[in-house]
Amino acid sequence: MGRLILEHTLQGHKGRIWGVAWHPKGNSFASCGEDKAIRIWSQSGNTWTTKTILSDGHKRTIREVRWSPCGEYLASASFDATTAIWSKHECNATLEGHENEVKSVSWSQSGGLLATCSRDKSVWIWEVAGDDEFECAAVLNAHTQDVKRVVWHPSKEILASASYDNTIKMYAESALDSDWDCTATLSSHTSTVWSIDFEADGERLVSCSDDTTLKIWRAYHPGNEAGIATPDKTTVWKCVCTVAGQHSRAVYDVSWCKLTGLIASACGDDGIRIFKESSDSKRDEPTFELLTAEESAHEQDVNAVEWNPVTAGQLISCSDDGTIKIWKLQE
């Protein structure tokens, strides 16, 4: 068994903290929350301190922040229905179009596309058209309820979204007319899907839900060895594993480490749990076991967790309790 060692507890935000995001270099991170401010933190010596506070971009709670793959830009999604793009401590662009709260924002791996989603049930795809210019490339209305999270595939221009309608949707650009289409609907959860994350190679996806489970989904491409039918020659996603009985309340976030393959979950029971794929796991019927659980990681709901993209085993979390914590996994 492994265990999580608490390395740092950081305070600075007023009220609940909704999101944290590691910089691609892994040596700094951004945080956001109820106080309408974004904080950029970096390490000097053995302490983490706020280097910058970005406070003039939004009128309401900031739900999520995400760095561009190059690390030059930061996008923030807010309940004020806008998404702001920041560079060098300035707000360079504000993306408007959603009718109400923007819940999530994500950059494609190339950095050329941005996705946003909202309580208005829509997913928007934006093209980076030049210096601080963003053009709406698509408005996708595949979900029937509030959309909670958008995440791009790690190498392909495929987008995944998770919703209050209990489903996950996949989108890709059509080769025929360059329109964006919903290519798959992933149904198995029995309540809101709060978050999703791809495995490093993008062939599997983990999801977490209000139904207290995690699910692992696998992509089956046309001509797959398993003999899974692929109508219209499109990739089919199947739920190949359900992790149940490990969380006592809603699971709000999940992070699949691109370095170690470990999965971290953030839960409404104030806990953080780490899952590891079993050594005898089968390709089409994988099994994941609980490696370690930090039952009282925070004093209130844990809203987000994210593995450091560079430093294996380092995990960041944030909570309604107004703190950010940095953990080190000892296996």
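Note: Cβ is positioned from N, Cα and C throughout, glycine not excepted.
Copied over from Swiss-Prot:
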- 12-51: repeat 'WD 1' (REPEAT)
- 57-96: repeat 'WD 2' (REPEAT)
- 97-136: repeat 'WD 3' (REPEAT)
- 142-181: repeat 'WD 4' (REPEAT)
- 188-227: repeat 'WD 5' (REPEAT)
- 246-285: repeat 'WD 6' (REPEAT)
- 297-331: repeat 'WD 7' (REPEAT)
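Under the criterion of 3 or more C-beta pairs below 8 Å, with sequence separation of 6 or more, the repeat 'WD 1' (12-51) and the repeat 'WD 7' (297-331) qualify as touching. DSSP labels the residues of the repeat 'WD 3' (97-136) in these numbers: 0 helix, 24 strand, 16 coil. Across 57-96, 97-136, 246-285, 297-331, the stretch most heavily in contact with the repeat 'WD 5' (188-227), judged by Cβ pairs under 8 Å, is 246-285.
Predicted-model confidence for the repeat 'WD 1' (12-51) is 98, expressed as mean pLDDT. For the repeat 'WD 3' (97-136), the residues of the chain that approach it from at least six positions outside its boundaries are 60, 63-70, 73, 75-83, 85, 87, 142-155, 157, 159, 161, 163, 169, 171, 180, judged by C-beta separation under 8 angstroms.
Sequence-distant contacts of the repeat 'WD 6' (246-285) (same chain, six or more residues past either end, CB-CB distance under 8 Å): 2, 4, 154, 191-192, 194-200, 206-210, 212-214, 218, 226, 240, 291-307, 309-310, 312-313, 315, 317, 319, 327, 329.
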